[in-house]
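A.B. asks: The annotation active site, proton donor is assigned in TrEMBL to C346. As annotated by TrEMBL, pyridoxal 5'-phosphate binding site applies to G239, E275, P276, G277, R278, Y375. Summarising the annotation, TrEMBL assigns substrate binding site to R278, R314, Y318, E347, Y375. According to TrEMBL, the domain 'Orn/DAP/Arg decarboxylase 2 C-terminal' annotation covers 30-373. Per TrEMBL, the feature domain 'Orn/DAP/Arg decarboxylase 2 N-terminal' maps to 36-281.
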Amino acid sequence: MDHFNYHGGELWAEDVPLARIAAEVGTPVYVYSAATLTRHFGLFRQALDWTEHLVCFAVKANSNLAVLKLLGDLGAGMDVVSGGEYARARAAGVPGERIVFSGVGKTLAEMRQAIEGGIRQVNIESEPEMRALSDLAAGMGAEVPVAIRVNPDVDAKTHEKIATGKSENKFGIPIAKARQVYAEAASLPGLRVVGVDVHIGSQLTDLEPYRAAYAKVAELTRALRADGHVISRLDLGGGLGIPYRRDNNAPPLPIEYGQVIRETVGDLGCEIEIEPGRNIVGNAGVLLSRVIWLKEGEGRDFLIVDAAMNDLLRPAMYGAHHDIVPVVEPELGAALRPVDVVGPVCESGDTFQKAAELPPLGAGDLVAFRSAGAYGAVMASEYNSRPLVPEVLVRGDQFAVIRARPTFEEMLARDSIPEWL
Ligand SMILES: *Cc1c(COP(=O)(O)O)cnc(C)c1O
């Protein structure tokens with residue numbers, strides 16, 4: 001459920017007509033609903049209310065400071081994968097004790113930043129990283145709480161670019177080798193082993209891969225405890241999918257996911273951390289765009305909109321689908337016709353949807369790309385020198401620009417021409 005609905009024949013975000021935002025801020029623009037963010041975060045908390053837990057929002061899904069502040073104020077922790085994301089979480093007011101540092105290639109500078117700024121836990125992804133973190137922390141006189149990310153070799157049954165839990169993927173330490181790596185971790189200075197970490201992929205629409213992975217984590221936890229390690233936390237990753245098509249079978253609900261966690265690891269007495277990103281913010285955002293032209297081609301028509309692949313990369317990158325809906329509600333029984341919805345970028349890959357069934361639309365009409373709150377704005381670029389897409393947050397009947405569209409001057413000011421040229 002989200003808060004983008006038609007009222008009186010027009011699409012609104014909560015109590016604000018999207019047309020008003022388009023008129024005041026311009027298009028393309030991402031629009032997020034605070035009520036939807038709040039609701040989705042609450043569903044995960046509720047799913048784990050049977051145990052001590054921390055829901056760590058995966059910052060990479062949407063790293064706008066206002067989004068992080070909203071979630072942080074609700075009590076969310078943050079899962080960060082870079083120094084930049086760490087800086088964002090801190091700037092949004094989230095204390096280090098609620099920040100988990102994940103990622104397969106943390107640099108020494110990033111590890112130092114986290115140790116200096118305070119960190120709840122570093123999720124170690126490789127032995128070289130473990131040894132480097134130990135040296136660094138010991139040299140700084142610190143002791144860093146760590147979990148080791150294990151790769152359970154489970155097929156998440158998702159898109160190959162976002163599957164992370166198979167042994168062929170670059171992530172984590174093979175679970176068969178985990179006891180040996182934990183033994184070394186326990187012997188190293190500067191590290192304090194606190195838990196086990198796993199994350200098998202994104203946009204999962206089936207709970208069985210989770211069940212398989214978490215069963216392996218439970219078995220490993222028992223073995224590690226038998227080896228003498230104190231395992232008090234399990235970080236079970238993120239990845240729960242969202243419905244990208246309205247007419248589709250919906251993926252499992254957070255409450256059902258929480259039940260799988262309970263059934264697989266609930267008896268271990270561990271604090272549970274999860275790292276949902278997409279499921280919290282995906283359906284809390286739309287990309288609002290205006291039609292530039294309807295171009296009638298041979299055998300097919302093109303609806304050329306002012307959003308492009310640089311603003312919303314998922315269709316070009318993953319062949320992803322976003323429902324595209326007109327902002328003016330079509331009359332009941334209005335005739336639909338197929339159009340290819342495309343952006344202005346000079347690549348045929350800049351196609352959002354082929355043969356989208358839409359009512360007649362023309363220059364100046366508004367459309368919304370649904371489910372665009374996650375991996376939308378964060379993946380945007382200035383390709384084709386299109387200024388970075390702005391973002392707006394709605395709460396009730398108020399809205400604010402939470403990232404402004406740069407002017408051409410601002411965009412150009414980041415370049416410089418060397419004196420010797
Ligand atoms: C990407 C990622 C997540 C979030 O995945 P979602 O599908 O957005 O829930 C969580 N944890 C880690 C380590 C990740 O890399």
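Glycine is no exception: its Cβ is also placed from the backbone N, Cα and C atoms.
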A.B. asks: In angstrom units, rounded to an integer, how far apart are the Cα atoms of G239 (pyridoxal 5'-phosphate binding site) and R314 (substrate binding site)?
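C.D. replies: Just about 16 Å between their Cα atoms.
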A.B. asks: Compare the C-alpha of R314 (substrate binding site) with the C-alpha of each of the recorded positions P276, G277, R278, C346, and give the closest one.
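C.D. replies: Checking each of P276, G277, R278, C346 against R314 (substrate binding site), the shortest Cα distance is to R278.
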A.B. asks: Please determine which of the binding-site residues listed here (P276, G277) has the lowest count of neighbouring CB atoms within 10 Å.
C.D. replies: G277
A.B. asks: Using a 10 Å cut-off on CB atoms, tell me which of the binding-site residues R278, R314 is the least crowded.
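C.D. replies: Selected from the binding-site residues R278, R314 on minimum Cβ neighbours within 10 Å: R314.
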A.B. asks: Report the member of E275, E347 (the binding-site residues) whose C-beta atom has the most other C-beta atoms within 10 angstroms.
C.D. replies: E275
A.B. asks: Helix, strand or coil at R278 (pyridoxal 5'-phosphate binding site), per DSSP?
C.D. replies: helix
A.B. asks: Using all protein chains in view, find how many other C-beta atoms are within 10 Å of the C-beta of Y318 (substrate binding site).
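C.D. replies: Its Cβ shell of radius 10 Å holds 15 other Cβ atoms.
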A.B. asks: For P276 (pyridoxal 5'-phosphate binding site), which of the recorded positions Y318, C346, E347 has the nearest Cα in space?
C.D. replies: Y318
A.B. asks: Return the members of E275, P276, G277, R278, R314, Y375 (the binding-site residues) with CB less than 6 angstroms from at least one atom of ligand 1, or none.
C.D. replies: E275, P276, G277, R278
A.B. asks: Helix, strand or coil: which one is Y375 (pyridoxal 5'-phosphate binding site) in, per DSSP?
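C.D. replies: The residue in question, Y375 (pyridoxal 5'-phosphate binding site), is coil (DSSP, three-state).
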A.B. asks: For the C-alpha pair, I'd like the distance in angstrom between E275 (pyridoxal 5'-phosphate binding site) and Y318 (substrate binding site), rounded off.
C.D. replies: 22
A.B. asks: For the residue listed as 'active site, proton donor', write down the residues of its own chain that are at least 6 apart in sequence and whose Cβ falls under 8 Å from its Cβ; none is a fine answer.
C.D. replies: N384
A.B. asks: Given the pyridoxal 5'-phosphate site residues G239, E275, P276, G277, R278, Y375, which other residues of that chain have a Cβ within 8 Å of the mean position of their Cβ atoms, reported in sequence order?
C.D. replies: A58, K60, A61, S202, G238, L240, N279, I280, A374
A.B. asks: Around G239 (pyridoxal 5'-phosphate binding site), how many other C-beta atoms are within 10 angstroms of its C-beta?
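C.D. replies: Taking all protein chains shown, G239 (pyridoxal 5'-phosphate binding site) has 28 Cβ neighbours within 10 Å.
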